[in-house]
Amino acid sequence: MVILFSEEVKLVAENDDAVTSGHVENPEEEQMELSLRPQTLDQYLGQKRVKKEMSIYIKAARQRDEALDHVLLYGPPGLGKTTLAFVIANELGVHLKSTSGPAIEKAGDLVALLSDLDPGDVLFIDEIHRLAKPVEEVLYSAMEDYYIDIVIGEGQTTHAVHVPLPPFTLIGATTLAGQLSAPLRDRFGIVEHMQYYTVDELEKIVQRSSDVFHTSIAPEAAHELARRSRGTPRVANRLLKRVRDFAEVKGEKTISLATTSDALKQLQVDSEGLDQTDRKLLRTMIEGYNGGPVGIRTLAANIGEDMETIESLYEPYLLQNGFILLTPRGRMVTDKAYLQLGLPIPNDN
C-alpha cells in the first residue's frame, strides 16, 4: 500500500471516574501500575493457561532466533493485557514500543513507529480495535511480509519507496475483539483470551501490592477486598489504595476487615463488587423496561454512558456473574439482579 508520511504520534490518555472501572484513571494510577508490574512470567499472577502457552511460544521463538509471532490479547479492561505485553518483551530480551489505536491518527504515524524498530522488537498497540482504516491497512504488509510502501517528495519529485522492515512482533490488545476486521484478526498467529481472576489469585495480588505500598493488610481483609474486586487486578489495587487511606486515618497499622468493609460501603461497592453504574444499569432495565429485553443503544441513552463503555466495561462482569442475559432481542436481567438490589422477583420472571 502507498501512503504519505505525517507528523509524530500523539499519545492520548483516557479517564474514567468509577472506582471499580477497569480503565486507568489518571497518570498517578498509571505510575502505580508501573510500580506493581511484574517482570517475568513467573512473577505474573493469574492467567495460568495464557502464561503456559506464551512460555512455550517464547522459548520456541528464542531457540529459532526468530521474532515471536504476532499476538492478540483480548478481554475486559484491567486484566493485565498491557502488563503481559511488557512481560513478553522482557522474556524475549527485546525492546517494547507502546502506543494505542486512538493515538495513531495517520498512517504516517504508524510508519514512523515501525521504521524505528530493531530486529525482534515488540510494538504494542492498546485498543487496537480503534485503529483508523487507513492505518490498519498499513499493518497488513508490515505484519505479513515485513515491508511498507511510502511516498516521499512533493509535486514532480514525488516517488514511491519500498521500505523493508526488520522482523518484529505486534502485540495488540482489545476489549472488543468482535470489532476487529477479519483481515487484521487473521494476521495474528497467537490469540489469547484473558479471563477474570479468581478470588484466591486476587488475594495474592492484594497481598503483594500491599508490600509494594509499604502497608500491611489482614488476611481476612485481603480476602474481602479481593472478593469485591470484580475479578480484576486493577480494581483490586485501586480499592486497596482507598481502603489504605481509611486505615491510615483511623491509625491502623494493619488494615482490618472492619475498616475494609466500612471503606467499601463508603465507596458504594456492594457485596458482589457492583458499583453505582452497575446498579443504575440494572435498575433502568427493571424499572424502565420490566427487566428487558432492552437494546444497547436504549440502555446507553438512559444511563448516560456510551455503548462501547457498557459493552467493554460493565456487561462482561454482569454476564459472567449471572446478573444479565444476552438475547437476540437485547439484554435481560436475571432473578439474581432482583435479589441483589433487594427488589421482589416478578411472578412471570
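Every residue, even glycine, has its Cβ placed from backbone N, Cα and C.
Given the structure is predicted, the values throughout are model-derived calculations rather than measurements.
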According to Swiss-Prot, Leu36, Arg37, Gly78, Lys81, Thr82, Thr83, Glu144, Asp145, Tyr146, Arg187, Arg234 bind ATP; which of Tyr57, Tyr197 is also listed for that site?
-> Tyr197
DSSP-assigned states of the region 'Head domain (RuvB-H)' (271-349) in counts, ordered helix, strand, coil = 42 helix, 9 strand, 28 coil
Alpha-carbon distance [Arg331 (DNA binding site); Glu144 (ATP binding site)] in Å = 39
Rounded Cα-Cα span from Thr82 (ATP binding site) to Arg331 (DNA binding site), Å | 30
Give the residue counts of the region 'Small ATPAse domain (RuvB-S)' (198-268) per reduced DSSP state, in the order helix, strand, coil.
-> 51 helix, 4 strand, 16 coil
Largest C-alpha distance in Å for the ATP site residues Leu36, Arg37, Gly78, Lys81, Thr82, Thr83, Glu144, Asp145, Tyr146, Arg187, Tyr197, Arg234, as a whole number, is 37
Near the Cβ of Gly78 (ATP binding site), how many other Cβ atoms are there if near means within 10 Å?
-> 28
May I ask you to report the DSSP-based helix, strand or coil state of Glu144 (ATP binding site)?
-> helix
